[in-house]
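*Asks:* Shown below is the structure under consideration.
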């Protein structure tokens, strides 16, 4: 491998190695290298061979390697390095020491409700800190959030001093309003809604009458007349099982199915058994007259 010397001396005037380089290469102080030595002088072409060859033509191995601090860098490496005393990059300024961490959070307090913990701190128009709830309320309503929550509205049935404008009662399960907007009790309101007239005062009662809601009997099963078992036959109406009269005998069982007639069997024609057609005939077939065959009864002849 060969390198081109960027700033080397002229090809005709080789420069002797210094004393330290001569000691490293095994030469005497101030002694110049020869062509057959460990390292040849600069060739006329200006190229330097960095492969040290010994006199015998084999690769020579140095016996002592100086530390990296004592070895001077080549001349072409100095051209690539920035000048000393200048920052590594023109746009980069002086390096500041890294801080150990973010500054501790200062103690904050909401100027409206005095809260010290909130998921998000906000500011009012004057720059004071507000908690998230007070800040949102001030942003939407334009005023500070009230510190005392307003009480819930009283139920209509528990309003004190409410009197029915028709019957003058103050006890009802539900307050209604008349077409004129006056409060009326539940009874007077329903009566006017159904009849379009005011409820007469003679119908007023001191107590509140509630309706007893009964469970509808539509879902219940109706028992058949006679008190028998609901499962009865649809034909004669006589109950089946033990729910009927024990003195009556049980119905007779249904007749058993009659076997198929033999003449109908012969009129069917060929019969399929196990995937084969077996025609009826007299020649050694299924009903044939041969050995092991079946003989038709007298008076009946198989039909083909």
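Keep in mind that glycine also has a Cβ here, set from the backbone N, Cα and C atoms.
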*Asks:* Going by Swiss-Prot alone, which of 158, 193 is annotated as N6-acetyllysine?
*Replies:* 158
*Asks:* Annotation N6-acetyllysine per Swiss-Prot: which of the candidates 205, 220 has it?
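*Replies:* Per Swiss-Prot, N6-acetyllysine applies to 220.
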*Asks:* Name the residue range among 110-134, 260-284 that Swiss-Prot annotates as zinc finger.
*Replies:* 110-134
*Asks:* Select, from 214, 221, the one residue given the annotation N6-acetyllysine by Swiss-Prot.
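*Replies:* According to Swiss-Prot, the N6-acetyllysine annotation belongs to 214.
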*Asks:* Taking helix as H, G and I and strand as E and B in DSSP, count the residues of the zinc finger (164-188) in helix, strand and coil.
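*Replies:* Looking at the zinc finger (164-188) with DSSP, the answer is 3 helix, 4 strand, 18 coil.
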